[in-house]
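S.K.: Please find one structure pasted underneath; my questions will follow.
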Amino acid sequence: MWRGGATTAFVARALRSRLLLDPIHHPVTSLAPISSARTSSSSSSTSSTAAANTIVEEAAAVAAVSVSQHTGSISDALRHYGKCYRELSKVRLSALVVATSGAGYVLGSGNIVDIAGLCCTCAGTMMVAASANTLNQVFEIKNDAKMKRTMRRPLPSGRISPAHAAMWATSVGVAGTALLAWKANGLAAGLAASNLVLYAFVYTPLKQIHPVNTWVGAIVGAIPPLLGWAAASTELSLNAMILPAALYYWQIPHFMALAYLCRNDYLAGGYRMFSFADPTGKRTAWVSLRNCLYMLPLGLFAYNWGLTSEWFSFEASLLTLGLTIGSLSFVLEPSPKTARRMFYGSLLYLPAFMAGLLLHRLPNEQKAHNLAEKSELDGVLYGADLQDKERATQKRQDRNPSSMQSRPPVAYASVAPFPFLPVPIYDS
């Protein structure tokens, strides 16, 4: 029960005990003659009023303290669960997913970007990403408890129960998918739902089974730009694959460097990463270099496919060349220093690549063509409606000849009695 109810009962009992004297504990007062009570009624009424005021003030103070404590407990609970929800959602990682989805939406738009649609797409993507990250932690409670990097998360530390976390993940996942289906389209909602299933129910258990989980996780990271493009243009085309391809190949060297740096931690947690069977780091470094080389022609493809201007092909080549040099140094000398350098270089590469795409983007011609066809179709339908209205009006006039304009009477007079005079002309 709320503390306010107990406080009210306490105040009532205090008032009764202070204002109504008990005959057992106060026999003299209870057995006093009625006449003496009448003679002293005037003096006792004043003192009882003062006592009643004092009791009311004390009760008000107690109630105020109780309400403040209750309010404090609510605010503490809100802060506690709000912090747990943020950590379960992995806000920074989810923000990166939202950024890639928003970039895909802008790239898939025509000459004008729908700001409201962009905001709804980002909000839906954020909720689905939060759901996927929460489910990932629900399934990996025991593993996270063994790793120094993750043992302070809400579930391993016991700050929130697994059932509560699962309910949070389900609610935000369903809400995000429904928002995308309502404000964007079914294709975007389907991509979001499939990515949630792929991340939580395929990639997460695969981390403890086989090193191929890194490549599956790269597919998960490449889907959000497609989601944004589909939300903007309602379809997918070849030039929509530039940013997803960049994200796919970028994630391999990024996570290879991370897996090399955290190799012992991943071993303690029971995760089968690629670096698990590569203590020297040579194979890990070569995989990173190979995927950096795959990213070199992406800028040229973006220009040839009409996604960006020619300047972007030059800038993207320079950016990828810098990341390739970092991975080459990791190949020549596999060490925590070179791995950390490549890792930080990958963190700088992705926002620079996305910024170049957005800065040099060309409007989606297919989206503009679809809008032109839609406007032309609307014009044809509008013209057909006008013709139908004109036909209906003409039919009504044919059925009601009296409503048609008749000749002025002077014209008949001019023709009949004076046939030799010209017939006057009247403007209708």
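Glycine is treated like the rest: Cβ placed from N, Cα and C.
In case it's useful when we look at the structure, here is the feature table from TrEMBL:
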- 91-109: transmembrane segment (TRANSMEM)
- 115-139: transmembrane segment (TRANSMEM)
- 160-181: transmembrane segment (TRANSMEM)
- 187-206: transmembrane segment (TRANSMEM)
- 213-232: transmembrane segment (TRANSMEM)
- 238-262: transmembrane segment (TRANSMEM)
- 283-305: transmembrane segment (TRANSMEM)
- 311-331: transmembrane segment (TRANSMEM)
- 390-410: region 'Disordered' (REGION)
- 390-399: compositional bias 'Basic and acidic residues' (COMPBIAS)
S.K.: For the transmembrane segment (213-232), give me same-chain residues lying six or more residues beyond its boundaries with a C-beta closer than 8 angstroms to one of its C-beta atoms, as numbers and ranges.
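M.R.: Cβ under 8 Å, 6 or more out: 97-98, 100-109, 113-114, 117-118, 121, 125, 129, 180, 184-185, 187-188, 191-192, 194-195, 198-199, 202-203, 206-207, 240-241, 243-245, 247-249, 251-252, 255-256, 259, 272-274, 364, 367.
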S.K.: Mind checking which residues reach the transmembrane segment (115-139)? Cβ under 8 Å, same chain, six or more beyond either end.
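M.R.: Cβ under 8 Å, 6 or more out: 85, 88-90, 93-95, 97-98, 101-102, 105-106, 153-155, 162, 165-166, 168-170, 172-173, 175-177, 179-180, 183-184, 188-189, 192-193, 195-196, 199-201, 204-205, 224, 227-228, 231-232.
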S.K.: Determine which residues of the chain contact the transmembrane segment (91-109) at the Cβ level, with the cut-off under 8 Å and only residues 6 or more beyond its ends counted.
M.R.: 117-118, 121-122, 125-126, 129-130, 133, 221, 224-233, 240, 242-244, 247, 307, 351, 354, 357-358, 361, 363-364, 367
S.K.: Which bits of the chain, at least 6 residues beyond where the transmembrane segment (238-262) starts or stops, bring a Cβ under 8 A of a Cβ in it?
M.R.: 100, 103-104, 107-108, 149, 214-215, 217-219, 221-226, 229, 273-275, 281, 284-285, 287-289, 291-292, 294-295, 298, 301-302, 305-307, 323, 327, 330, 334, 336, 339-340, 342-343, 346-347, 349-350, 353-354, 357, 364
